[in-house]
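Per TrEMBL, the features are:
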- B:1-22: signal peptide (SIGNAL)
- B:87-167: domain 'Cytochrome c' (DOMAIN)
- B:Cys105, B:Cys137: heme c 1 binding site (BINDING)
- B:Cys202, B:Cys205, B:His206, B:Cys249: heme c 2 binding site (BINDING)
- B:Arg245: substrate binding site (BINDING)
- B:Cys249: active site, cysteine persulfide intermediate (ACT_SITE)
Amino acid sequence: MRKLTTSMCVTGLVALLATSPASALTVEESIAEGKAVYMGKSRGNCISCHQINDPDANLPGNQGPPMFAMAQRFPDKRILRAQVWDATKNNPISIMPPLGKHWILSEEDIDAVVEYIYQF
Amino acid sequence: MKIIKNLALGVSFIMSTQLVSAASTGTTLETVSPEADRIALQNFYKKRFPNTELQDYVNGIYAVDADSRTQWEDIEAFPPYEFDVEEGERLFNIAFANGKGYADCFENGGIGIRQNFPYWNKEEGTVKTLEQEINECRESNGEKALKWGKGPIAQISAYMAWTSRGKVFDISIPDGDKKALAAYLDGKKFFYSKRGQLNLSCANCHVQGSNIRIRADLASPALGHTSHFPVFRSKWGELGTLHRRYKGCHQDSRSNPLDMQSETFRNLEFFQTYMSNGLVVNGPGSRK
């Protein structure tokens, strides 16, 4: 009986966690957050290497390809996310930092930046 | 002032996805060949920037980016390091408390010898740099060592480079000296290895990424990196040594940078200067 209560509590906790902040973001909020990650020097700093057709993108670099036709080129969003998480998987000498693998961005930040670039 | 330049202007290319095979020989003592590495690196740039003459690589990014070159030429018309060269000459000629001076420590009184540094010192079993020997000269004459990055040491080094302008680098790795070759290899590995939270190697930016924008910055080709130091850098607003620059770039990969004049940075300078054999001394330089 005691065991059952504990496991019920755990289930309850897990359920609570699952609905906590990250997934509570609306798509708009997530895109806004992703934009901040994209532009932020101490965050993703994607803009230092990738052009993007956003009027707020100031002095983008061109080390990597422009963020263009993303939904068409990456029908499977998970493949896009994997590229952001660890670019060295596709190209071991890539200049692109492994943003997830090296804990440069949180998993939530990566989800957000993927949502943001997916619009372009 | 005579500035080494060549009017062949570079054309910029975007080749970010091209695979880079500039490190053509191995990374073990058995397989590495410095001379083959040097030729491979020079050939890599010849292909990448076909309009740039080899001798022009002493001018860093300005050898390959026409836009920033014009601005730089305006700056070089009134060189910002002129005062430092004069101050360096004055410091060079002040006698130590014991009556001796820098001229007593170096070959040819320290004049026109910049191209011989860094060099492999067999007796000590280590690479020696010019700045290191400036400080050793002081200490062996009872004076305090100078700080490595800027100020007097950079000024003295600038004056010594100034007296050597136009002389050709010819760094040698004594035949059959395994320790010297190991020092070269250590420098080479440091240059090509990824490091830090951002997982960046020197080669990421200065070989495959050279003359491609990282935000508004353009990284120079690695060839000629060491020819013109110390450098008056606008961002610093003053003169700084090569190892000061190494430290900054090392930090940019979000690593804990090594100390200036540490063994690995000296080996890196040995490797980089060997790559630039055949180019001339044109220090001090000015950079953005």
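Glycine too: its Cβ is placed from the backbone N, Cα and C atoms.
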Return the count of C-beta atoms lying within 10 angstroms of the C-beta of B:Cys105 (heme c 1 binding site), excluding that atom itself. 16
Neighbour tally for B:Cys202 (heme c 2 binding site), based on other Cβ positions within 10 Å of its Cβ: 23
Largest C-alpha distance in Å for the heme c 2 site residues B:Cys202, B:Cys205, B:His206, B:Cys249, as a whole number, is 11
Taking only same-chain residues 6+ apart in sequence, whose CB is under 8 Å from that of the residue listed as 'substrate binding site', what do you get? B:Phe229, B:Val231, B:Arg233
Taking the recorded heme c 2 site as B:Cys202, B:Cys205, B:His206, B:Cys249, identify the other residues of that chain whose CB atom sits within 8 Å of the mean position of the site's CB atoms, giving them in sequence order. B:Leu200, B:Ser201, B:Ala203, B:Asn204, B:Gly209, B:Ala219, B:Ala222
Within 10 angstroms of the C-beta of B:Cys205 (heme c 2 binding site), what count of other C-beta atoms is obtained when all protein chains are considered? 22
Would you pick out, from the binding-site residues B:Cys137, B:Cys249, the residue whose Cβ has the largest number of other Cβ atoms within 10 Å? B:Cys137
